[in-house]
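Novice: Once you've had a glance at the structure underneath, I'll fire off some questions.
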Amino acid sequence: MKLLASTVLVGAAAASITPQQQVLQNPFKSATKPVSDAWSKSMESLGHLTGSMKGMTAEAKAIWDEVSMLFPEAMEKAAFFSEPKPHTRKPDSTWDYIVKGADIQSVWVENSKGEKEREIDGKLEQYNLRAKKVDPSKLGVDTVKQYSGYLDDEEDDKHLFYWFFESRNDPKNDPVVLWLNGGPGCSSLTGLFLELGPSSIDKNLKLHNNPYSWNANASVIFLDQPVNVGYSYSGSSVSNTVAAGKDVYALLTLFFKQFPEYAKQDFHIAGESYAGHYIPVFTSEILSHKKRNINLKSVLIGNGLTDGLTQYEHYRPMACGDGGWPAVLGASECQAMDNALPRCQSLIQNCYDSESVWSCVPASIYCNNAMMGPYQRTGQNVYDVRGKCEDTSNLCYSALGWISEFLNKADVQKELGVEVSSYDSCNFDINRNFLFQGDWMKPFHRLVPGILEQIPVLIYAGDADFICNWLGNQAWTDALEWPGKKDFNAAKTKDLQLESGHKTGTFKSSGNFTFARIFGAGHMVPMDQPEASLDFLNKWLNDYTL
């Protein structure tokens with residue numbers, strides 16, 4: 001669903017935005033124990049990673065010291081891996097389709113030089129894909145053809161759940177879109193029912209048709225990833241974006257092999273929030289395979305976290321009235337954020353330079369506390385500056401609880417072929433694991449220039465979001481170093497509008513790069529502005545212009 005507000009490292013579900021979350025009141029100002037004691041204890045609990053200390057500065061070491069002193073219980077729980085979800089694997093005979101990666105790898109063809117080579121690139125032998133036909137009349141989510149199932153990594157005991165909806169229009173010719181929610185650790189099925197899918201769910205668990213569903217003119221795959229998110233499960237774990245990318249490439253390859261009727265259409269990846277990390281990595285992984293059956297044409301990132309060094313500078317302006325909405329914070333809090341920014345940027349730069357867990361984790365901890373903490377303590381919704389957080393047990397949105405109730409119904413799980421015992425919209429252990437692997441602050445924006453050389457990229461942002469705000473997204477797209485930077489920065493901003501002439505935002509575009517600001521939308525643009533989001537999606541899928 002969204003970027004979880006992990007403002008501290010967290011010993012439990014502190015990645016959520018509940019009042020009980022331990023946000024440092026004065027980040028890293030005081031110490032009550034000798035540094036050597038703190039360092040010794042933190043190293044004892046994290047000793048299995050001492051080989052990764054390359055690039056760690058004294059400043060980063062000091063952050064680890066201070067965190068271990070302030071939150072000793074959190075350090076003890078920094079295990080980096082989530083607990084396996086209870087599950088029962090169904091016999092192969094219960095599935096309508098099974099495609100084996102080993103069978104794909106066994107197909108060899110002759111190239112133009114007369115040499116033998118594999119028809120499709122990639123290490124796929126350990127993967128299988130299971131699929132079943134979903135009876136639309138059983139669930140009532142949509143009337144279109146649907147498939148659900150799992151991608152299985154038999155070697156590492158990982159099982160990713162997906163749910164596919166055909167286009168409502170012309171599935172034989174309409175494009176296919178993979179949708180990814182963020183977190184990290186939030187299920188893409190929340191995107192299905194809360195934002196852009198065929199139906200929404202009310203408090204009585206009744207379904208309501210969404211006339212602005214993104215499958216109006218495209219087939220859509222909703223994927224629960226990484227493992228142990230949503231209906232996905234594993235005996236092992238994934239705690240970094242790069243590892244997750246291998247799984248996504250395998251899923252798409254096997255899916256399009258099983259269902260070749262969708263493989264010839266244009267394919268696009270879209271997502272929001274932490275998908276600002278996922279999508280550059282997943283896209284680069286796909287594009288690295290020259291012999292593939294994935295017809296990737298473009299990517300879309302909504303309110304993403306992609307370049308922390310640039311984006312974190314814009315938390316203070318967004319919270320203090322410079323983002324087009326009234327200020328949430330007072331002058332003293334705004335000044336404190338300004339004062340903390342140089343240290344935050346220094347830590348992030350060190351992370352960028354070394355990409356070491358020992359440098360990237362302190363950057364995340366310090367900057368999240370200093371830049372998100374003051375806003376979070378007000379009780380305002382971090383996903384929408386226009387209001388308070390109304391339901392702290394469900395990341396401010398009660399509908400998340402309704403979605404979880406619906407997806408925990410036995411008849412729903414049976415029809416979808418679900419193999420886990422329960423569904424949660426977000427797995428906070430996954431969020432913690434990615435944080436402790438240093439994944440949060442890594443410079444994945446550096447992959448974007450290589451992507452732009454091959455396919456178009458759309459960065460869009462609802463302008464009422466705080467946590468991945470439009471100011472920061474606009475700034476990193478302007479700052480990105482790529483051959484088209486000069487022309488992109490000089491491009492004129494144009495109005496984004498519906499056919500009726502109603503203005504829904506602004507955008508600028510040059511070459512393969514487009515940035516769009518969506519008016520009156522928070523973190524989840526399709527939820528807040530459903531008509532506008534479907535309109536710009538259809539325009540983009542048609543010819544990559546808005």
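Even glycines carry a Cβ here, placed using N, Cα and C.
So Swiss-Prot has the following annotated:
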ACT_SITE  S273  active site
ACT_SITE  D465  active site
ACT_SITE  H523  active site
DISULFID  C186-C426  disulfide bond
DISULFID  C320-C334  disulfide bond
DISULFID  C344-C367  disulfide bond
DISULFID  C351-C360  disulfide bond
DISULFID  C389-C396  disulfide bond
CARBOHYD  N217  N-linked glycosylation site
CARBOHYD  N512  N-linked glycosylation site
SIGNAL    1-17  signal peptide
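Tell me what's around each of these sites.
Specialist: According to DSSP, S273 (active site) is assigned to coil rather than to any helix or strand.
The local packing around D465 (active site), expressed as other Cβ atoms within 10 Å of its Cβ over all shown chains, amounts to 32.
Of all Cβ atoms in the shown protein chains, 28 besides its own fall within 10 Å of the Cβ of H523 (active site).
Close to C320 (disulfide bond) in the fold, though at least 6 residues off in sequence, lie A327, V328, L329, E333, C334, M337, each with a CB less than 8 Å from its CB.
Taking the Cβ of C344 (disulfide bond) as centre and 10 Å as the limit, one finds 23 other Cβ atoms among all the protein chains shown.
Contacts of C351 (disulfide bond) defined by a Cβ separation under 8 A and a same-chain sequence distance of 6+ are given as S359, C360, A363, G438, M441, K442, P443, in order along the sequence.
Classification of C396 (disulfide bond) by DSSP places it in coil, neither helical nor stranded. Around the Cβ of C396 (disulfide bond), 24 further Cβ atoms fall within 10 Å across all displayed protein chains.
According to DSSP, N217 (N-linked glycosylation site) sits in a coil region rather than a helix or strand.
Secondary structure from DSSP puts N512 (N-linked glycosylation site) in coil. Here N512 (N-linked glycosylation site) comes close to L452, E453, I455, P456, V457, G484, Y544: these same-chain residues lie at least six apart in sequence, with C-beta atoms under 8 angstroms from its C-beta.
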Novice: Rank aside, I only need the closest one: which of the recorded positions C186, D465, H523 has its C-alpha nearest to that of N217 (N-linked glycosylation site)?
Specialist: H523
Novice: Just going by other Cβ atoms within 10 Å, which of the disulfide-bonded residues C389, C426 has the emptiest spot?
Specialist: C389
Novice: Per DSSP, to which secondary structure element type does D465 (active site) belong, with helix, strand and coil as the options?
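Specialist: D465 (active site) sits in coil per DSSP, no helix or strand.
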Novice: Quick one: give me the count of other CB atoms within 10 A of the CB of C360 (disulfide bond).
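Specialist: So the number of other Cβ atoms within 10 Å of C360 (disulfide bond) is 28.
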Novice: Would you count the other CB atoms within 10 A of the CB of S273 (active site), including those on all shown protein chains?
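Specialist: Its Cβ shell of radius 10 Å holds 29 other Cβ atoms.
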Novice: If I take the Cα of C426 (disulfide bond) as reference, which of the active-site residues S273, D465, H523 has the closest Cα?
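Specialist: Considering only the listed active-site residues, the nearest one is S273.
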Novice: Determine, to the nearest whole angstrom, how far the Cα atom of C186 (disulfide bond) is from the Cα atom of S273 (active site).
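Specialist: C186 (disulfide bond) to S273 (active site), Cα-Cα distance: 10 Å.
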